[in-house]
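Summarising the annotation, TrEMBL assigns compositional bias 'Basic and acidic residues' to 260-276, 424-445. Summarising the annotation, TrEMBL assigns region 'Disordered' to 260-291, 414-520. According to TrEMBL, the compositional bias 'Basic residues' annotation covers 277-288. Residues annotated as domain 'EF-hand' in TrEMBL: 306-341, 358-393. Taken from TrEMBL, the feature compositional bias 'Polar residues' applies to 446-458.
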Amino acid sequence: MLVGVMPAMVPPEKRSEMKWRSLLPQQCILLIMCLLMALEAVPIDIDKTKVKGESHVEGEKIENPMKWRSLLPQQCILLIMCLLMALEAVPIDIDKTKVKGESHVEGEKIENPDTGLYYDEYLRQVIDVLETDKHFREKLQTADIEEIKSGKLSRELDLVSHHVRTRLDELKRQEVARLRMLIKAKMDSVQDTGIDHQALLKQFEHLNHQNPDTFEPKDLDMLIRAATSDLENYDKTRHEEFKKYEMMKEHERREYLKTLDEEKRQREESKFEEMKKKHGNHPKVHHPGSKDQLKEVWEEADGLDPNEFDPKTFFKLHDVNNDRFLDEQELEALFTKELEKVYDPKNEEDDMVEMEEERLRMREHVMNEVDINKDRLVTLEEFLRATEKKEFLEPDSWETLDQQQLFTEDELKEFESHISQQEDELRKKAEELQKQKEELQRQHDQLQAQKQEFQQVVKQMEQKKLQQGNPPAGPAGELKFQPPGEHKVGEAPKQPAGDDQPLPPGHTQEPAARTDQVHP
């Protein structure tokens, strides 16, 4: 019932819980006749010469041991006919409300369709954990949609077992961590710093961001309210997206025609009209939810006799998850036969996106007609009440999408104008990016030129040093030999060649001081 605020997430599967209806009176009579004929088959005696060691009590009446002759060919044919008729008896469903302990095939897993919510997995996990608690599950089954939406059911969370609360706490912490990671990734993409996760978490309304560690009744209430609101707007959003999809198709087709010459354009127009006509040539589509439409499912999908159509049995057959409701997915599965009349994935003229939009329209129509309390679920009582209406027996004809105008010329022009504006904005951004690219390239070229000039200057300086006798620098910047005027420690400076020149008149050369002379 908690999934009453959202489409139940169990897709329709093949029905295998079947039992056979009692044989018809004619079949019973034929079967009895065959059995009687078999019992009246001619007996033959056992060969007594081959029977040994037989004894009987004196005075006891001896009856000849008998065995049965094989059935006559006519009897065999009649018996086979009866068996075939019995095997062709009409199957009906088992009362699922009385079946207990049914086991599924090992490894079999029911895939749940996506609800389209960004917190879809978190919602599923919370529901699955809550339904493991016996007390909460019982409250859930007896609660109505108003109790759920008002938050009364959320207060029952205080009574669930400890391990369930622990698991819910863990799920919430994982969801908060996931949201923070998404926020960080988004902010990193725009190179923003100083992220305030607590402030950004306020935009998520399906959990209490002020308490990121424990799952409280407020969290369940917020989750229910958010899912209810989001799913109510989900169908509207899908319709808008589909309309844009159709207008974009037409826009691209017209733009393509502008690129063709007159002859090719006429050929393309003729092909388009031919495909459109071919798509519209399909069998009659029954009104969704009408008796004719349900009887067709009863006969072709369920393999039952259309003359024995029973709404109550039909409801139980298609309540796949046995929750006593027909949810949105279970309703949409009922329209598959009708959609197959119009759409074939192998045909070029059939668009599968349009098929899903048609399915959505059918489901919405049935929900509006049958779902009295607007909880997005159909109960057995609501279903049976709908079968008593005049519209169920004498419905209006159903117009498919190809028979409707999805948009007007004005809407298409407005859409194309919006696209043109977007293209202009993208073009401007592209031009700005191109200018930035050119500026960066110019700066790069300048840096390369400066680098080359610097390298040239360094090369020239090195050449001048070599010409002046200065040694080039080593790898570590040290000089490879000592420059003039310097000498190693402990060595006397060498006299340069050409120093023995005559002294000026009146000057005498002083003798060099002796190093071995001792001074007082």
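In case you wondered, yes, glycine gets a Cβ from its N, Cα and C as well.
On a predicted model such as this, the values are computed, not experimentally measured, just so you know.
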The region 'Disordered' (260-291): which same-chain residues, six or more beyond its ends, come within Cβ distance under 8 Å?
253, 309, 334-335, 338, 341-342, 347-350, 362-363, 365-366, 369-370, 386-387, 391-393, 395-398, 400, 402-403
DSSP says what for the compositional bias 'Basic residues' (277-288): how many helix, strand, coil residues?
4 helix, 0 strand, 8 coil
Average pLDDT across the domain 'EF-hand' (358-393)?
90
For the region 'Disordered' (260-291), DSSP counts of helix, strand and coil?
20 helix, 0 strand, 12 coil
